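Heads up: the structure comes next, in structure tokens.
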Amino acid sequence: QICNQHNAEAPNLEQVFHRMAQTEPNLDHDVSWFLLPSYWAKMVVALISFLCFANSYDGDFVFDDSEAIINNKDLRAETPLGDLWHHDFWGSKLSSNTSHKSYRPLTVLTFRINYLFAGGFYPVGFHVINIILHCTISVLMVDVFSILLGGLQFSNKGRRLNLAPKTSLLAALLFAVHPVHTECVAGIVGRADLLCALFFLLSFLGYCKAFRENKEGHNFSIFWVLVSVILGAVAMLCKEQGITILGLNAVFDALVINKLNVLELIQKLLHKDKSLENAGLLRKGLLFRITLLMSGGASILYIRWRIMGTGPPAFTEVDNPASFADSLFVRAINYNYYYSLNAWLLLCPWWLCFDWSMGCIPLIKSVSDWRIIALAALWFCLIGLIGQALCSEDSHKRRILTLGLGFLIIPFLPASNLFFRVGFVIAERVIYLPSIGYCILFTYGFSLLSKQAKKKKILAVAVFGILLINVMRCALRSSQWRSEEQLFRSALSVCPLNAKVHYNVGKNLADKGNQSAAIKYYREAVRLNPKYVHAMNNLGNILKERNELQEAEELLSLAVQIQPDFAAAWMNLGIVQNSLRRFEEAEQSYWTAIKHRKKYPDCYYNLGRLYADLNRHIDALNAWRNATVLKPEHSLAWNNMIILLDNTGNLAQAEAVGREALGLIPNDHSLMFSLANVLGKSQKYKESEALFLKAIKANPNAASYHGNLAVLYHRWGNLDLAKKHYEVSLKLDPMAPGTKENYNLLRRKLEQLQKKGG
């Protein structure tokens, strides 16, 4: 659909474009840089962006990938597709009090497609898609920067012209190789930012197409404006920042299409100038388009609000300490300090960290803190740039600076804490889109310096050096994101005060079995943050396994005192109390854990073990049954039920439970073994033998499997086979309880038979 509205006082758009091309200075004129055809420029950008992050293709699932991908049930085929629209990014219901309200269903859908095509959780496919997305975005940036730096003009055939081929290539290269993008590309959960950026840029380019000349000579196309709004909605369904493109499209329309002078407009508004009706803002086309953008944005936000509900996301003080400060002054100072650090990461992306929370950046609590200098520097630069963007007599400078600041600031607003609390202090991924504004400002500054410099080639070599350093930094940082060990250890030098960094290093060591080293890092995490309940819980667990029960109990008791609804800590405290033979306290701790987490199969399993120790057999069976109802594949609970029923002489019931368990977990060799024992006692020797052999095939080095099969053959009268399996069992475990005695009995029996036979 084409808009056919005309304003007699508004200049014809064709004349505007022609005049723009002739009167505005060309940024490329004084820049000493590569001039390549559009196709080759895009090929170069794609290749270099690929080289920066190619070494991340075979990385593991790291950090947040575990929760967003591996533990996210929304990726699995058995989860209905419709659930994606009612769950957050992490797979929790949006209505849940614990939901972070990160509504990104389209990103989760791409994860699900990855999972289905790969046939499981194989990270290579996930990483390759991220690299391809970044390369695609970097290529699109060539077109975007050509418009933002060179203006929008079409040929007579309706083809868009690139009026700044050199500077648009430079800006696209700066974007492609910026090290701060590593988290988005090498970290799989960064796909939310990549997809958002892709549709963000497509929305912008679609909006530009609305002003392409056509045969009918109409001013603009409503169709492309609406396409732009839809693409903006798609961007928001990938990540929240996507909605900001509608505001940027409006800014672009006012500055580039209508050549609005913001300062002049403000002055006319203040003085109630009668000529205001001639101002660009009141042109029917601009007002109509801005109304479409605002209406579309409002509709998108309303639909999102209806889906998500009104409840705010649940964050803790350690996630974003400044937002919990009582003093408005402290909050304002620290928010601005965070902005300055984000700006510094764009300028000098050398110190990068996967997490900036938990004491990494101590709060500024007074004006005597030397870090106030960073705020002053930030606002000095911003005020200077804003002043030039508003007051410069050069319309070209006003346009580029305003667009640069717009792309720098507007996409960052959702992460600024101004409208709502966010769950982080600094997150490198959220400056993926704002870096577009940085690249515009850097490139414009380079063009101004080139204009003044006598030796332009030296300046070009310096910029080339910056690009080369960034490429090497990207490659190094990508290699650090390939594994959790490298990623977590790389943060120790950047954020030594961050308790979460030490916690993650410790957890990684504990997962690898290095408990002694893990204890050191867990203790440091607790020292840095004495209220870090997860570190206390994990440290308590390790101490429990090392039989250091007294300290384990102290840590776990403190954890539940700090966070009374911490179900895992209550359960672990119950295990420690059980080991200390304080059974009543242990039982109370288990029930408290279940109170705070209704569906807690592991806790029911441990409660069953407690009841079994107390000879409360019915209670134990009920607890284990609850565990299997909540988690049908809970092998330990099934096994304990079979063994308890077997030991108490309920062979028929034990057999029924064993068959039920194997029906649910058919390849579990421990269940085969337990059921085989029951069948052997019931004199169902053939079926028992088959299960023993199947269990041994699955786990041939289990001495008890061979030993119990030997007992079966011994009872059955297959003495040669019994002798063979007794010997295998003793070879695997010479100290196997009862096996040696049974073997000696068998040998004596065989000797007696030989004597009789002789």
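Glycine is no exception: its Cβ is also placed from the backbone N, Cα and C atoms.
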106-125, 286-305 - the range that TrEMBL marks as transmembrane segment: 286-305
Candidate ranges 163-182, 243-262 [criterion: TrEMBL lists as transmembrane segment]: 163-182
Within-chain partners of the repeat 'TPR' (703-736) [C-beta distance under 8 Å, separation at least 6 from its ends]: 669, 673, 676-677, 680, 685, 688-689, 692-693, 695-696, 742-743, 746-747, 749-750, 753
Beyond the flanks of the transmembrane segment (458-476) by at least 6 residues, Cβ under 8 Å: 31-33, 48, 51-53, 55, 170, 173-174, 177-179, 181-182, 349-350, 446, 449-450
Within the repeat 'TPR' (601-634), residues counted as helix, strand or coil by DSSP: 27 helix, 0 strand, 7 coil
Interface present between the transmembrane segment (286-305) and the transmembrane segment (337-358) (three or more C-beta pairs under 8 A): no
Arithmetic mean of per-residue pLDDT over the repeat 'TPR' (703-736): 88
Distant-in-sequence neighbours of the transmembrane segment (370-388), which means Cβ under 8 A and at least six residues beyond its ends: 333, 336-337, 339-341, 343-344, 364, 397-398, 401, 404-405, 441
Long-range environment of the transmembrane segment (188-208) - Cβ separation under 8 angstroms, sequence gap at least 6: 61, 63-65, 68-69, 89, 104, 106-107, 110-111, 123, 126-127, 129-130, 133-134, 136-137, 140-141, 143-144, 147, 152, 160, 224-225, 227-229, 231-232, 234-236, 238-239, 241-242, 244-246, 248-249, 252-253, 411, 429-430, 432-433
Intrachain neighbours beyond the repeat 'TPR' (601-634), with Cβ under 8 angstroms and 6 or more residues off its ends: 567, 571, 574-575, 578, 583, 586-587, 590-591, 593-594, 640-641, 644-645, 648, 661, 664-665
Residues in the repeat 'TPR' (533-566) grouped by DSSP into helix, strand and remaining coil: 27 helix, 0 strand, 7 coil
